[in-house]
Amino acid sequence: MPLLCLADFQAHARERLSKSTWDYIEGGADDGFTRDDNIAAFKKIRLRPRYLKDVSKVDMRTTIQGEQISAPICIAPTGFHCLAWPDGEMSTARAARAADVCYITSTYASCSLEDIVAAAPEGLRWYQLYVQPNRQLNKQLIQKVESLGFKALVITVDVPKIGNRRYNVMDLKKSLLLKNLGSPEKGNSAPYLQMTPIDSAICWDDLSWFQSLTRLPIILKGILTKEDAELAVKHNVQGIIVSNHGGRQLDDVPASIDALMEVVAAVKGKIEVYVDGGVRTGNDVLKALALGAKCIFLGRPILWGLAYKGEHGVEEVLNILKNEFHTSMTLTGCRSVAEINRDLIQFSRL
């Protein structure tokens, strides 16, 4: 039976994956309120379609950091893709290239960066960095991804420590190995994330050091407030991903789509703003763009697609969402992404 929507992929993945893997992928911080609110918040937004417009041709293409993508639907950084499919991130990279969208590779990838690049050498890739206490390791990673052709550095800022996530870490350790966080001297692989603590001392003033290491645009992932958005502009970064880490870090923070408006207003168009968290339909994509996002990034649904059929499952997830988004644009009277604006939406009083 064909899978028709992203919820179908979720149901299939739940049946196929082990309990420990499923709990790891789906888990949220504490009671999971923010994880669930990411999805529920989209349902509080209503569309205001405009008709009698020539929508015989609808163009979903857009650009991020100057690079063209086929639609504003890209792949967020998630770790350990080998949990969902043997080829892991190599399959994800191939699917992203086939769909002509951007794939943000995680620090905690289960395939080596070299193998991921070799799997889809022409693909548009950004690299997500969890800042390590070892400065030399950060420098090594950044120089490596720049030399391998990654087009942006995405620094995750919302993990000074791992949130209270409720899943069995011990079960996962047996099958996980990091390929990209070995000792700079020895070049060996590091077992699981417990062996690579994230630097909790990083602060705004450290951004200049990262900027001195690379010519890549720097994107900050995890911004939720206007105050931090204004500081991001002040510190000359090139973009923000509005994100609450899929509800996996601090529970009871705003849904990403709700925080998006505040961040977009604060940056005043000076840098690009993206969003992840809770996108499940083409209407959700349209709503995010109407509220000022340049594009959305998908997290868990990509892993569901991998669990279904590897790279072809990820392609199906992306194509379903692209087709739904095309329909949403057509039915609201938007012939191009540039025509999607705040007038298309209103907030439900429910």
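Heads up, the Cβ atoms here are built off N, Cα and C, so glycines get one too.
What TrEMBL says about a protein is an automatic prediction, not a curated fact.
Positions annotated as domain 'FMN hydroxy acid dehydrogenase' by TrEMBL: 1-350.
As annotated by TrEMBL, glyoxylate binding site applies to TYR24, ARG165, HIS245, ARG248.
If you draw a 10 Å sphere around the CB of PRO77 (FMN binding site), it holds 25 other CB atoms from the protein chains shown. Residues or ranges marked as FMN binding site by TrEMBL: 77-79, SER106, GLN128, TYR130, THR156, LYS221, SER243, 276-280, 299-300.
The feature active site, proton acceptor is assigned by TrEMBL to HIS245. Long-range Cβ neighbours of HIS245 (glyoxylate binding site) (same chain, at least 6 residues apart, Cβ-Cβ under 8 Å): THR156, ASP158, VAL159, GLY163, GLY222, GLY277.
Counting every protein chain shown, the Cβ of VAL279 (FMN binding site) has 29 other Cβ atoms within 10 Å.
Our reading of the glyoxylate binding annotation (TYR24, ARG165, HIS245, ARG248) yields a largest Cα to Cα distance of 13 angstrom.
TYR24 (glyoxylate binding site) and PRO77 (FMN binding site) have their C-alpha atoms 15 Å apart, to the nearest angstrom.
The sparsest Cβ neighbourhood within 10 Å, among the listed binding-site residues (GLN128, SER243), is found at GLN128. Across all of the domain 'FMN hydroxy acid dehydrogenase' (1-350), the predicted model scores a mean pLDDT of 93.
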